[in-house]
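Engineer: Structure below; questions to follow.
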Amino acid sequence: MPGGFILAIDEGTTSARAIIYNQDLEVLGIGQYDFPQHYPSPGYVEHNPDEIWNAQMLAIKEAMKKAKIESRQVAGIGVTNQRETTILWDAISGKPIYNAIVWQDRRTSNITDWLKENYFGMIKDKTGLIPDPYFSGSKIKWILDNLPNVRSKAEKGEIKFGTIDTYLIWKLTNGKIHVTDYSNASRTMLFNINKLEWDREILELLKIPESILPEVRPSSDIYGYTEVLGSSIPISGDAGDQQAALFGQVAYDMGEVKSTYGTGSFILMNIGSNPIFSENLLTTIAWGLESKRVTYALEGSIFITGAAVQWFRDGLRAIDASDDIEPLAASVPDTGGVYFVPAFVGLGAPYWDPYARGLIIGITRGTTKAHIARAILESIAYQNRDVIEIMEKESGTKINILKVDGGGAKDNLLMQFQADILGIRVVRPKVMETASMGVAMLAGLAINYWNSLNELKQKWTVDKEFIPSINKEERERRYNAWKEAVKRSLGWEKSLGSK
């Protein structure tokens, strides 16, 4: 078993981070550098790949400095990343030919509307995804269609495509390795998750040459070596951030579920070695530990959770800092009958209504901002239940424990209400850096830094467990009222347009 430490590279939507772990999965040092978002037109969201790379290198140096280690002490590197974000670069010079098109970018909606209308079933059956600008496929097509000479260069093999993990590994290996893992490939809308290969029919449909795509490898594997830090270090782990978080929550068994509470919420359920195709949820690859053998997941995305707290802070100016919401909400015993539906941009799973709009209902003369604060926190828990109920139904598996992470999971009031409204235990781990920890685990397994999943399970520790404290009748009464509130928000924008 090698000694030393594992370096986890965690490249997010607004910052590049690096975290150093030891064999007990303790965090020894964290580096973080923000980089700007670029909005050249309405609906466009871009990053400059050079800014990402520079921020990432600074974050690595900062983490190593804080951990008081040198590059020769790094046993392996894992890379986790914001998913779907798309970069095309020149295969010879390594220079990006355009900015990275970010997962939030909506410019390709005309392409995906056409796919939805004509090829919805085929794409869902092959990729587990629904045609949406969110995924990489339509972004690649847009660059090939809109930049002069790029398509002809791509057809000659002079262009490379990658999600952020692929680009960083390419840069770390000085252009020697062009690779991604199963989890990231499954977010492109180009990867057949049944056959575990790039899908030629979809590639032909979008006119994307297969030669630009990376090799797809297991999430725990030695892809190559980097020398940019001063020593030769294996790059041995790669996974998209939400899948890495599921792995970091040691959710290795079928039916285990985690929810990440961020700006939105991502709920993933391990569904084992056979995909389940759902009407309301995405089917995705969680990870692959061996070639041609993967673990699948069901994924539900909630658009607005933590963002509702930001709106309460910045839009209403009701609090000075996001952390102020918990004590304010705790100053009242309940919401006083107030329900808040945060449909600022429509509703995601399981409603899928882009015309829904936000509402606050149940206000009386006695309602205070504390009641609204509490209703905002409770709306996060209700939305999680909406998705978890669908997961149970479509997987045929009863969920008994919800593992939680992300900024919102630090809020004890919210986590207690989450347990109350689900009627199950909610478990928060000691180390909340679950995405970076997950990819550190994947990197360590590939180089025998750790020997087994069982060993990793032993090292994972719980910070706090939340047990349901209300009875079933009360739980269902509140949840039914939530569903009634949601019903009143549905189709609002459309109903205005018809008048």
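Heads up, the Cβ atoms here are built off N, Cα and C, so glycines get one too.
Taken from Swiss-Prot, the feature ATP binding site covers Thr13, Thr14, Ser15, Thr263, Gly306, Gln310, Gly407. Taken from Swiss-Prot, the feature sn-glycerol 3-phosphate binding site covers Thr13, Arg83, Glu84, Tyr134, Asp241. Among the features that Swiss-Prot reports, ADP binding site is placed at Thr13, Arg17, Thr263, Gly306, Gly407, with the record citing sequence analysis. Look at Swiss-Prot and you will find Arg83, Glu84, Tyr134, Asp241, Gln242 tagged as glycerol binding site.
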Engineer: Of all the binding-site residues given, Thr13, Gln242, Gln310, which has the fewest Cβ neighbours within 10 Å once its own Cβ is left out?
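Structural biologist: Ranked by other Cβ atoms within 10 Å, the binding-site residues Thr13, Gln242, Gln310 bottom out at Gln310.
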Engineer: What three-state secondary structure does DSSP assign to Asp241 (sn-glycerol 3-phosphate binding site)?
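Structural biologist: DSSP call for Asp241 (sn-glycerol 3-phosphate binding site): helix.
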Engineer: Between Arg83 (sn-glycerol 3-phosphate binding site) and Gly306 (ATP binding site), what is the CA-CA distance rounded to a whole number of Å?
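Structural biologist: Distance (Cα to Cα, whole Å): 19 Å.
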Engineer: By the DSSP assignment reduced to helix, strand and coil, which category contains Arg17 (ADP binding site)?
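Structural biologist: Arg17 (ADP binding site) sits in a strand per DSSP.
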Engineer: What other residues of this chain sit with their CB within 8 A of the center of the CB atoms of Thr13, Arg83, Glu84, Tyr134, Asp241, the recorded sn-glycerol 3-phosphate site?
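Structural biologist: Those within range, site residues removed, are Asn81, Gln82, Thr85, Trp103, Arg187, Gly240, Gln242.
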Engineer: Distance check, please: Cα of Tyr134 (sn-glycerol 3-phosphate binding site) against Cα of Thr13 (ATP binding site), rounded to an integer number of angstrom.
Structural biologist: 13
Engineer: Looking at glycerol and its recorded binding residues Arg83, Glu84, Tyr134, Asp241, Gln242, figure out the farthest C-alpha pair and report it in angstrom, whole number.
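Structural biologist: Pairwise Cα check on Arg83, Glu84, Tyr134, Asp241, Gln242 gives a maximum of 15 Å.
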Engineer: Cα distance, Gln242 (glycerol binding site) to Gln310 (ATP binding site), nearest Å?
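Structural biologist: Taking the Cα atoms only, Gln310 (ATP binding site) lies 22 Å from Gln242 (glycerol binding site).
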Engineer: Quick check on the binding-site residues Thr14, Ser15, Thr263: which one has the highest count of other Cβ atoms within 10 Å of its Cβ?
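Structural biologist: When each Cβ's neighbours within 10 Å are tallied, Thr263 tops the list.
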Engineer: If you compare CA-to-CA distances from Ser15 (ATP binding site) to each of the binding-site residues Glu84, Asp241, Gln242, which comes out shortest?
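Structural biologist: That would be Asp241, the closest of Glu84, Asp241, Gln242 to Ser15 (ATP binding site).
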Engineer: Taking the Cα atoms as reference points, how far is Thr13 (ATP binding site) from Glu84 (sn-glycerol 3-phosphate binding site) in Å?
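Structural biologist: It is 11 Å, counting Cα to Cα.
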Engineer: Here's one to test understanding: among the binding-site residues Glu84, Gln242, Gly306, whose C-alpha is closest in space to the C-alpha of Arg17 (ADP binding site)?
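Structural biologist: Out of the listed candidates, the nearest Cα belongs to Gln242.
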Engineer: If you draw a 10 Å sphere on the Cβ of Asp241 (sn-glycerol 3-phosphate binding site), how many other Cβ atoms land inside?
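Structural biologist: Counting Cβ neighbours of Asp241 (sn-glycerol 3-phosphate binding site) within 10 Å gives 27.
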Engineer: Within the chain of Gly306 (ATP binding site), which residues six or more apart in sequence place their C-beta under 8 angstroms from its C-beta?
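Structural biologist: Residues satisfying the criterion: Tyr261, Gly262, Thr263, Gly264, Ser265, Ser322, Ile380, Gly406, Gly407, Gly408.
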Engineer: Whole-number answer please: how many Å between the C-alpha atoms of Gln242 (glycerol binding site) and Thr14 (ATP binding site)?
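Structural biologist: Here the two Cα atoms are 16 Å apart.
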Engineer: What count of other C-beta atoms do you get within 10 angstroms of the C-beta of Tyr134 (sn-glycerol 3-phosphate binding site), across all chains shown?
Structural biologist: 21
